[in-house]
Amino acid sequence: MKKFLNFLFSMQMMGTLIALFALSIAAATFIENDFGTQAAKAIVYNATWFEVLLLLITVNLAANIYRYKLYKKDKWSMGLFHAAFIIILVGSGITRYIGYEGSMHIREGKASNQITSIDSYVDILVEKDGQQVSKSKKLNITAFNSVNVNEKLNLDDKSVHVKLKHYIPHATTSLTEEAGGTPVINFVATPNTPMQGMQNFYLDYDSNKMLGENLLSFGPTETKQATNFSYTDSLRIKSPYPIKELSMMGNESSEMESGKWHTISPRKLYEFNGIRLIIKNFYPSAKYKYVNSQDTKAASILVFDIKSDQEEKEVIVKGFKDFVGEAESINLNGLKVSLTYGSKLLPLPFIIKLNDFQLERYPGSKSPSSFASEVTLIDTLSSIKKDYRIYMNNILKHQGFRFYQSSYDSDEGGTILSVNHDQWGMMVTYFGYFLMIVGMVWSLIASGTRFKYLSQQKTKSLKTILVLILALGGSVSSYAQSGKAIEVPIEQATSFGQLVIQDNSGRFEPVNTLASEVIRKISKKSRINGLNADQVFLGMVIDPQNWEEMPFIKVSNSDLIREIGASGKYASFANFLDERGQYKLAKKVQDAYSRKPSERSAYDKEIISVDERVNVSYMVFTGEFLKLFPDPKDKNVAWYHPKSVIKFEGEDSLFIKKSILMLSQAMKARDYDSADMYINGIKKYQNTYGKEVMPSETKLKTEVLYNKINIFKKLFPYYLIIGFILIFALVAQIISPKMSVKWLFRIAFLILSVAFLMHTIGLGARWYISGHAPWSNGFESMTYVAWACLLAGFLFTRKSKFALPATSILAGLSLFVAHLSWMNPEVTNLVPVLKSYWLTIHVAIITGSYGFLALAALLGMINLSLMILRTTKNALRIDSTITELSRISEMTMIIGLYSLTIGTILGGVWANESWGRYWGWDPKETWALVSVLVYSFVLHMRYIPGLKSTFNFNLASVWAYSSIIMTYFGVNYYLAGLHSYAKGDPIPIPSWVYYTVGILIVLSTFAYYKYQKNKQKA
């Protein structure tokens, strides 16, 4: 027994449990993606074995807190956040077993005192002569798990046994041949009605069906004025109309006399009274059965066996998740038995009345900016009658219930509120969150902690001698050649670029922003023929005929270039149209979109990309992008393009129609004074009618300057070049100690400091321009990750000179990734749920942690490389460097893990304040937890015999970062969930991922070989 307890409470067991926990929840995200949320809950999250796993982790953690004496004063900081895990697990248990959730639907002017449960139940009711007895059982049932419903109810000295026999999710009926059934005919027919196409239907025995003007009847008795079918030993037909029988090939035919019975057979065509019938199948004995379908909106079917004394019946019950079920009743042994499956109506001790539902939209857009419910809380027991406004991130709390704005009716006349009742579970969990954050921050500064021990180790000074060769080259732009479009003077283009325009998402921005996005989208360049984005955009607007002949649309596929009659890498808009003005790619685009993304060839992808560029060009040429003109009568303050003059009246309509036309004529005539007058006229019109929604003049100028500088694109080459030069220099110094990097490092430090300052200013400018923190989408968060990486490098430079170049490379790679085509570099408005300060803090901390963990991974790769380069001559220097870098790596990993954990916790707070659930096993939050568990395992490897080694730590630090990549990219683009960017099928995995994994496998294998070889020599 003692050995068993020692193993149960050992660090080996803890490591095993953490690994099982991480693998289980990671697998659950893929189960959810393929089979749905309910399947993931049934198989993993709500399973009994999962509860046992969490219980074992809790017991093991408590035992190790005692074993390692984390309760002692000098270890309070470590003990505090380890104990916090236990408190959080206890809070989660309270939430799981005591708390509950639901929804409340209220129409305007109506009130409600009940909620619909989020859980599904089977309710059993037995009645007789006014007496009744009932039972209710909560079910989390899917096609992948079995739930035992085997209940016994007693009433009036009689017992009723109810047993669940089958469960069929999203059921539909299917006909199968089976003994004891009835005959069924399967027809394919063309009726004599205007409806088009063939009709497939079944005619059951002893039933009738109208087909056009014809009545079909199948049964033991004849129906007057109908075409009758009968079956004894063969299938027969009798019709009041003559019948023509044809073979399927149409080469044989015969006539059947009306009013007489004739034998018929499948696979032949029968024509009478304007209709044609084909007997597709005939089932002499068949039954309808419920089977699973792909229609997620279909009802689920539960089949029960109900028995009382010697009587037994089968009952089929239908139900939907999140809907109250309808009872199915039978009479059995003198008792009335009713069964219901679905959600339950749970009573509230107070009333919520909806006075008004309000929906605000972004100007000129159908996208909701915010929505709110004006309600009155009526609690007669407490003599409370008070008005509240419930909206996203602003909740109503009363008697332990929390009401959140969730959704609304399509007619905007009703609201749907999420309701949560989990006061104690939330309080205990939040207390655990607080202790964990305090403990983690405390452990970074307290004495006696692992982090303090590592930070106090002396840094072994690196001898410095190296010849510096630093070459930073500027970027050279190449432009498409040819074309005769009218050149637009930069003065007028700049003035036009500073006008305000409304994009399709409803955001107001300078024309310059739209122009730069359009030009980058079309040509993959920032300039065309030496013209900047403003000049190109205005040129396309005022001179579409000439610009349609200009080759500026990027086409990467050489086969496609030849097919459209172009050459080089650019095509003109005219290249895509044939002699009749028809779009050459129409069929190819349709074919490409018909294939799943994972099945599309490189050619298909290029077709889709080029089609998008052509359509964007067309929208510029036709002026559909030019939403320059506000309509003061529109309640959404929508802005319109010149072709929308039907929206305007009188002088407004005339001005809008003529201003762009007159501007075009003035520019073509080189009458730039008149052109300036028309541009200023548009600006004056905007200020007169759209001033309230327009950005300030300062903000507009800042955005134009931000676009012009394009700081993030300019920074990444410097980050990469400086980082690689320093890395190679430092490694060369280790191999050849006579070289120095002193002045090289100082110059690089200065350059990176200036670059970091510019990077910070760029983030601040984007924050100011957009009005929200710059980490709300893929592009913004990657630029922030780059900033956090470099910050980590500056913080750890004094500990190791490798920190700064390593993070410089990571920052450069992050900015490079941010500009890849599958990221979105546009400044967009935020949906309502993202308008939260908790989100800002959560994303900032959790994304910042990626920089520290990335540094640990890169240091791990450097150490593995040094292990490969280790020889007898340089062993002392390399071993010393590996030890130093491993120490720095562990410190950065600790900071990264703490930040990741705190960020994940704050994400739970954000979720709870936004929609009432601090943990819902969404794939994003699940993989964040997987990452926490992975790095917790890595940092505790030194306590596990067999895993404690420098090689294992560095190897793990490299591969552990794959969990971060999965959290950030994999979930966003390949798994379904609240945080997913993916639409439909996931995009194919980029080829560079396979190359990277291959390189890391080779690096790991060679490092292991050399490590083992050196270990044997030692």
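Even glycines carry a Cβ here, placed using N, Cα and C.
Whatever TrEMBL says is automated annotation, not expert-curated.
The structure displayed is predicted, hence computed values, not measured ones.
As annotated in TrEMBL, transmembrane segment covers the listed stretch 890-911 rather than the other ranges in 450-471, 648-669, 890-911.
Per TrEMBL, the range carrying the annotation transmembrane segment out of 14-32, 926-944 is 926-944. Per-stretch counts of Cβ pairs under 8 Å to the transmembrane segment (716-735) identify 843-869 as the leading one among 43-66, 430-449, 843-869, 926-944, 991-1009.
Among residues of the same chain six or more beyond the transmembrane segment (951-971), those with a C-beta under 8 A of the stretch's C-beta atoms are 29, 781, 850, 853-854, 856-857, 859-861, 863-864, 867, 882, 886, 889-890, 893, 923-924, 927-928, 930-931, 934-935, 937-938, 941-942, 977, 979-980, 1000, 1003-1004, 1007-1008, 1011. Between the transmembrane segment (430-449) and the transmembrane segment (926-944) there are fewer than 3 Cβ pairs closer than 8 Å, counting only pairs 6 or more residues apart in sequence, which means the two stretches are not in contact. Cβ atoms under 8 Å from those of the transmembrane segment (926-944) belong to residues 11-12, 14-15, 18-19, 21-22, 25-26, 28-29, 846, 853, 890, 893-894, 896-897, 900-901, 903-904, 907, 952-953, 956-957, 960, 963-964, 966-967, 970-971 of the same chain, restricted to positions at least 6 beyond its ends. Tertiary proximity for the transmembrane segment (78-98) is limited to same-chain residues at least six positions away from its ends with a CB under 8 Å from its CB atoms, namely 54, 57-58, 61-62, 64-65, 70-72, 422, 424-440, 442-443, 449-450, 919. The list of residues near the transmembrane segment (843-869) in space but at least 6 beyond its ends in sequence, with Cβ under 8 angstroms from a Cβ of it, reads 727, 731, 734-735, 773, 775-776, 781, 784-793, 796, 802-803, 806-807, 809-810, 878, 881-882, 885-886, 888-890, 892-893, 895-900, 902-904, 906-907, 928, 935, 950-951, 953-958, 960-961, 964, 968, 1000, 1003-1004, 1006-1007, 1010-1011, 1014. Mapped onto DSSP helix, strand and coil, the domain 'ResB-like' (337-411) counts 0 helix, 56 strand, 19 coil.
For the transmembrane segment (991-1009), same-chain residues at least 6 beyond its ends with a Cβ under 8 Å from one of its own Cβ atoms are 861, 864-865, 867-868, 951, 954-955, 958-959.
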